[in-house]
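**Student:** As annotated in Swiss-Prot:
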type	residues	note
COMPBIAS	1-15	compositional bias 'Basic residues'
REGION	1-24	region 'Disordered'
REPEAT	108-143	repeat 'Pumilio 1'
REPEAT	291-334	repeat 'Pumilio 2'
REPEAT	382-419	repeat 'Pumilio 3'
REGION	477-496	region 'Disordered'
REPEAT	524-562	repeat 'Pumilio 4'
REPEAT	563-600	repeat 'Pumilio 5'
């Protein structure tokens, strides 16, 4: 077959042309080094590798766009570090002295706010300052950050300052809104140009981030700020335990408690927000998912950074915008789960089934179960969960979703679900996966379901011997070995011991065989074991509940309280045991002779108790000063006679007036010229 006619020596000619461009090797070396310095982009550096490379009509990536706000000098760093230490110690004599100090730090930081926020060593000072600032200082700092939020929220240290600023500014938005409405009612004129409202500052900050939501959604640091902004605009609680883990990680430090400032209680409750926030929230939520297709949205469900944002978007959509929003085909729930019937091996059914076993996606599924409309939840439970709830409860990850499902079941569905889970109780107990069992007990108490079969399953799993049962449930043998060893981690507890303690506390809240399982075990152990339980920071809660809950019978309290004779002073001086001593006060409400015996033990060790912080608390809670001075009054309190005349002097006014009282009243009436009292 004839070949194509080709020109000989073409490779050599191409090589000569390349060599003619730069003949000096030093120039080539210098040019390469400058290129690497100017464009630190690996794909752009590869332009020098191949001579036949045809570049596209695009510019290399520019990494010089991120602004640099400068560095603090050594003197400034020392000053701000010293100020941070003083704020953390919080040893100011008066609040006025503290406010003067904070204002001076603000004056020193004037013009350096962005440097401090981006500083690794001084950004913590900025957070502490914000936590202790007044509303005017927060506004001033907020105004300094305006125009830089897009860069600050992506910064490792400045992003924490932005979050702290948003949290503390949010608590003043509602108060400003109330003041504004009251001034409008009084028709008072106000110079609106003097100072921007926090409402306007928030809207300006959000406008800076617009157009970048898709990237910030999965950005390592900015995603935390997006979650917080969603809560602020929706007026949802910012310090609620259910939302704290979604906003920030568990390693997030609470600097407000160290500075000694108290947040407004409204920050932990649902807040009223301006109407402009509702409009901004709808636009923000729409823009966040506008450029994302359904496939990418489902990929976010298992993304470790994007998943928490998706959780909040779903929660706000379903709770803040109403359940009817779920019917909208453009809603986030319908984009994730477009199929209405969830039948067969459809795309939506496969997606939801996959979330059960995913450590990240299961959290999104918990949010769907909690906030989804009732019609959707019933269909979801009937088709995907009801027949498989036993196998789901076996899995460590899917078990958390099962707990959320149990919280929404009716009485009949809960009874059938318990029947499906009962065969799995023994394996769950063996692996110390007790969250599903605990949820079954708690929901059974609420719904009024008979928990006798569950008690029988737990008895079979833990054994008939009462001592070994409580040892296995609370992991007492392991804690005793740790206390006897040389390790110093006595205050740490294993997750198995914590889950066992929570299960025992849930069992004690149920009347009948469940509480009797724990009570009989506590009576069967030795006194030394009982004292060790009382002194354990985790397990002692079981003993406190056993003494104080309404399920505690008089017979049980009479038997268990007598075991503490001679040990009251020892427990009162212990950080955990002192709470058990406090619980013994209501536990002996109908056992006055036992309570007096315990009080005598406390009197004997009065000096040691007064020298101890926890001992002084026990002395005060047991009213021991009254016991020493007025024994009769103390006995009246011990019997529960708080309304007696010996304790409450105001009770005399409710008694019939004596003759001398009537005479005094008549004399006073004559002096005042009024009628005689009848």
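Backbone N, Cα and C atoms are what each Cβ position is placed from, and that goes for glycine too.
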**Student:** Using DSSP, tally how many residues of the repeat 'Pumilio 4' (524-562) sit in helix, strand and coil.
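**Tutor:** Taking each residue of the repeat 'Pumilio 4' (524-562) in turn, the totals are 27 helix, 0 strand, 12 coil.
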**Student:** Take every residue in the repeat 'Pumilio 3' (382-419), average their pLDDT values, and give the whole-number result.
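**Tutor:** A mean pLDDT of 96 is what the predicted model shows over the repeat 'Pumilio 3' (382-419).
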**Student:** Looking only at the repeat 'Pumilio 1' (108-143), how are its residues distributed among DSSP helix, strand and coil?
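**Tutor:** With helix first, then strand, then coil, the repeat 'Pumilio 1' (108-143) has 24 helix, 0 strand, 12 coil.
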**Student:** Mind tallying the repeat 'Pumilio 2' (291-334) by DSSP state, helix then strand then coil?
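**Tutor:** Each residue of the repeat 'Pumilio 2' (291-334) counted once, the result is 29 helix, 0 strand, 15 coil.
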**Student:** Could you give me three numbers for the repeat 'Pumilio 5' (563-600), the DSSP helix, strand and coil residue counts?
**Tutor:** 27 helix, 0 strand, 11 coil
